[in-house]
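Visitor: Not my notes, these are from Swiss-Prot:
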{"type": "ACT_SITE", "residues": "Cys334", "note": "active site, cysteine persulfide intermediate"}
{"type": "BINDING", "residues": "Ala80, Thr81, Asn160, Gln188, Ser208, Gly209, His210, Thr248", "note": "pyridoxal 5'-phosphate binding site"}
{"type": "BINDING", "residues": "Cys334", "note": "[2Fe-2S] cluster binding site"}
{"type": "MOD_RES", "residues": "Lys211", "note": "N6-(pyridoxal phosphate)lysine"}
Amino acid sequence: MTPQLNNLTLPIYMDYQATTPIDPRVMEAMLPYFTTKFGNPHSRSHSFGWEAENAVEEARSMVAKLIGADTKEIIFTSGATESNNLAIKGIAKFYSNKKNHIITVVSEHKCVLDACRHLEQEGIKITYLPIKPNGIIDLETLKNAITDQTMLVSVMVVNNEIGVVQPLKEIGKICREKGVFFHSDIAQGFGKIPIDVNAFNIDLASISGHKIYGPKGIGALYVRKKPRVRITPLINGGGQERGMRSGTLPTPLIVGLGMAAEIAYSEMEKDTKHVNYLFDRFLNNIHKRISEVYLNGDKNQRYKGNLNLSFAGVEGESMILAIKDLAVSSGSACTSASLEPSYVLRSIGIGEELAHTAIRFGIGRFTTEQEVDYAVNLICSKIDKLRALSPLWEMMQEGIDLKKIKWAVH
């Protein structure tokens, strides 16, 4: 049984960057397409197919509207990982006879970095841009990295680990002036912050359903039509999705993504106010009660549903065990199985000791003030206890610089 505490259900979900709970309105919209409206949207000879096709196209227009795109520019995929692979590898394969250079950032999602490493093995040159200590890229460094061989720049809008928001409008302007395609993994920002593909000069954008209170297993890739962007498909078959992504479309999941996008479009301002208020309440109350807690990533240029905090003198893994009533993460869900410190935190210059103490707290649409207050109280009480047991904390209080210690190897 799930324990109850003063009408509070435990454990409290605070891992909104890993996934979001499905909005009940999304589930309600999806259900008929599992049961009575089960037609194949590619069946053109009867009403079951027409009904499913209409639902798919309505969802497509909802997704497009949220980023200021044309309906025909939305290609449905299985999620942001596939979309990122399709965008990066698809551009590389189509244009490799003309250009052979791609630029990305050291702090991108693992699937972007891995797609780029795969292309390196095929002879494509990849530049991995560094980021500043606040997590933001330097625009001059980007400008200087672009050559006449550069075909694509790939920069995510909101970092999944530290929540910083990259200056997409400025990046897009540079790319357009230099005649380079601009791809952005917008999975963590879609439906949460305003994104306009035309104002930002974005040519390709990757979208995920389960990051915006929609179902898992569905995503989309925005592919610009004017000026036209061409990509080589990764999956061959029946030629669905304008030939870019073959396979029968999963109508229920697409309807869910569409409804999630529609809700985000109408409620983004309300969600933002709610999340910002809880972010400030969480962070201010933590800082009032315990010392040497650091917010990773820029405080202002960030999506405030993400609080990545380092607690000096406390191991992140032991902290997670101590606060088991909170569902949190010590890294991205894709890489946190590793005990290595986060590559994103290392890329902003955080030392190994502090990187190991980092925990990511996620705040979302369904997080309550009561949950935040409970989380703060629990964290503060456990931090005090863990620090009292920690020889590292004791050494820090005595002014010993842990970086200068030479540890014995056994």
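Quick reminder: no glycine exception, Cβ is built from N, Cα and C everywhere.
What's the neighbourhood like for these features in this structure?
Guide: There are 28 other CB atoms within 10 A of the CB of Ala80 (pyridoxal 5'-phosphate binding site), with all protein chains counted. Secondary structure from DSSP puts Ala80 (pyridoxal 5'-phosphate binding site) in a helix.
In sequence order, Gln17, Thr19, Thr20, Ala80, Ala187, Gln188, Phe190 are the residues near Lys211 (N6-(pyridoxal phosphate)lysine), counting only same-chain partners six or more apart with C-beta under 8 A.
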Visitor: Please work out which residue of Thr81, Thr248 has the most C-beta neighbours within 10 angstroms of its C-beta, and give that one of the binding-site residues.
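Guide: It comes out as Thr81.
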Visitor: Please report the number of other Cβ atoms within 10 Å of the Cβ of Gly209 (pyridoxal 5'-phosphate binding site).
Guide: 32
Visitor: Which value in Å gives the longest Cα to Cα span across the pyridoxal 5'-phosphate site residues Ala80, Thr81, Asn160, Gln188, Ser208, Gly209, His210, Thr248 as recorded?
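Guide: With Ala80, Thr81, Asn160, Gln188, Ser208, Gly209, His210, Thr248 as the binding residues for pyridoxal 5'-phosphate, the largest Cα distance is 30 Å.
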Visitor: Reduce the DSSP letter at Ser208 (pyridoxal 5'-phosphate binding site) to three states and note it down.
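Guide: In three-state terms, Ser208 (pyridoxal 5'-phosphate binding site) counts as strand.
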